[in-house]
Protein chains: 2
Amino acid sequence: MSRTTAARPRNRKAQLAAVAAELFRTHGYHEVGISDIAAAAGVTGPAIYRHFTDKQDMLAHVVLSGVDELAEATNRAIGTDPHPSAEQVEDMLATMAKLSVERRELTALWRTQRRHMRESDRAATRRRSRELLDNWTRALRAVRPELAEADAELLCWAALSTFGSASMHSTRIAKRRFERVLAERARAVLHCTLPESAPPAPGAQARDTAAEVTESQVLRASRREQLITEAGRLFQVRGFHEVSMDDIGAAAGISGPSVYRHFPSKAALFLAVSQRVTDRLERGRQRVSETATDETAALRGLISSYVETMFAHADLLGVGQQMSALSEGERAELRRVQRDYVSEWVRLLCALQPERDTQEGRIIVHIALTIANDLLRTRRITARPGIRAELETLMATALGL
Amino acid sequence: MSRTTAARPRNRKAQLAAVAAELFRTHGYHEVGISDIAAAAGVTGPAIYRHFTDKQDMLAHVVLSGVDELAEATNRAIGTDPHPSAEQVEDMLATMAKLSVERRELTALWRTQRRHMRESDRAATRRRSRELLDNWTRALRAVRPELAEADAELLCWAALSTFGSASMHSTRIAKRRFERVLAERARAVLHCTLPESAPPAPGAQARDTAAEVTESQVLRASRREQLITEAGRLFQVRGFHEVSMDDIGAAAGISGPSVYRHFPSKAALFLAVSQRVTDRLERGRQRVSETATDETAALRGLISSYVETMFAHADLLGVGQQMSALSEGERAELRRVQRDYVSEWVRLLCALQPERDTQEGRIIVHIALTIANDLLRTRRITARPGIRAELETLMATALGL
DNA sequence: GCATTATGTTAGTGAGTATTAGCGCCACGA
DNA sequence: TCGTGGCGCTAATACTCACTAACATAATGC
């Protein structure tokens, strides 16, 4: 009858880490409070500090052990064999697919929540994920010896993202099929033929640069416009919560409170930025629908417009869905817009591949989108000169075009 | 070889008390955590509660047993004899000097950490220290029958403070000499001739009151100024840790967090208050150096300016040296300022008394300062009408002027 | 030699506390 | 007249710390 304290499992720390991982994945680091994690594990907030020094420490622990688990799975499949066989690689894909479906947080966290870590932990993560990637690269080059090191790396990143896309789906999906599709598409990505890396057209490069530097334009952008641009940039590189109103104001050359002359709240400003992104995506979609002659061309058009848009704004929409700063309605609106956009892709894909139903289509489209979103957040990769064309090829391959 | 738990000494409680006393003395009650004390004794925090019910209980135990030990020493010297002889009194001074030097926490704690005790314990301390004081008063009046009861008490308090000043010194000082100086100055203080208690000039009293009530001024003080004033007052009466930001804000008429519009942290606010105090001391020093004609006059000037300043701010600087909220650099700065100020006194004193070296000078100056700091914290004493003049006389006597 | 007691330890709680952030008003100056 | 900086508030949150419950072991008495 006496409501004593909960049982004390031996592995409280592991339990807390598991709970935290899941919460971080579904809501994002900043949306999860210490007490939320504790409550989900059946203890009170301060108990956390028996096991972790920090909230940051929790994140680091969760992310690092996640990466380690992926690395272990990889090692189990291909060992330290310098030249893994095709069967071993196949085994690796199957193992990863299984892990991705069963423990969705594993393959997602270290890419999506990376930015919230301390620099020291981030460095450790980089080191460990580097090892993981090296193992994958080794395996891939054993199967495809013709690949250059850097190219193999790119393909491996994309394959890892493929598995990471599993975390996008919250609805229940038949496990076996899910695993099969993931492994299949990852295999396809690994065997993708990258486009000839044409020497970058210097004109195009220059145009890019000019487009991003708004202040040097003859026609000066309005304050409101500046704010949207700068806020978007800041949100992308540092995340919504890490950017203060003062930061945004300063970036646009005014004081923090003055931002409220132009937007009623920080959330509203975020919405404006999202609007901007969805508008661009929509405009791209329309242009495609006007010019495309068949489904394949349409999908390719969507791909290229998506890459173009995301190059500037990465995964802003995805972040917005997690933000509690947005009202329920606004979040639903964002979700709806994004779902509509995705279903357009799915419709086209299913028209091209009638053997797939919409569920499989959704899985596959999310793979393609996730590859773009992920790779665009990795500086090492965006530094590649032909990255846009390569991304388009990777996405097309993921879709099975 | 096996690192089992430490041996369990018979006298753990006494050991813990000793450790706690020393920690409380050097760092202050609030800067010392239960686990710090435990760690210093080689156990973990909760073990404390096998011996003491409370942290407050520890403090009470430590303080009360300290007072008791002083009382015992006194009794050993003068017994219950209603008219102790001059030799017995002399013996008492020697015993106290020895105790003060060897166990510096004894004579300091019950005066400096009093305020952190529970009211009930404080009452007990008052009762016990009252007895101690009564014994001293009895002894003094046996030697100086001409003294009024209240005056004798004042002198005894000052003498006890003299011994208490030993806790100010952390550097090693030759024991015998230290004891000799302490006993000598305490004897001088006990034989001090207090100034005729002139009926208090009502004008002066009125000016004091007006000076402290800033809000009734025509020229209203700025928020920042108000905060410094109010925070200083609160810190003095309740101590740094017992004052919350909300309290400070409320005292200045704003909310707690709004204080951060004016000061970046609580520590910064404390520093501002300290600055204020050191500035006043420095201004006093300068005025003295401009007007004083010889060393004696200079010292007297310093004394009077010190009493004036400390009347409003008691021992704020001393507290600051213990605060962990301050950075190492800030604490060092405070220490430096205070050391400079003290060395000015020492220089003057040594010029007047060439037979003393600087070390003796430092001991003596600290005696004088401690008398002021201590007595100003005792309401019974500050209530005396002529207290300022009396304090100045006591300090001058302590210095040997 | 063995139960009992005194003393420790580990994991947890509850009540704060400093600090941050978003938000907004108002007087002032270009 | 609009934009702005100074100053203010409320809400929330990570973290601290004294203290407790349950289990564990050393010391002790019979």
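Each residue, glycine too, has its Cβ placed from N, Cα and C.
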Per TrEMBL record, range annotated DNA-binding region [choices A:84-103, A:224-243, A:244-263, A:264-283]:
A:244-263
From A:13-32, A:33-52, the residue range that TrEMBL assigns the feature DNA-binding region:
A:33-52
What same-chain residues lie close to the DNA-binding region (A:244-263): Cβ under 8 Å, and 6 or more beyond its ends?
223-224, 226-227, 230-231, 233-234, 269, 272
Mean pLDDT over the DNA-binding region (A:244-263): what is the value?
83
On the DSSP side of things, how many residues of the domain 'HTH tetR-type' (A:10-70) fall into helix, strand and coil, could you say?
49 helix, 0 strand, 12 coil
DSSP assigns the residues of the DNA-binding region (A:244-263) as 12 helix, 0 strand, 8 coil
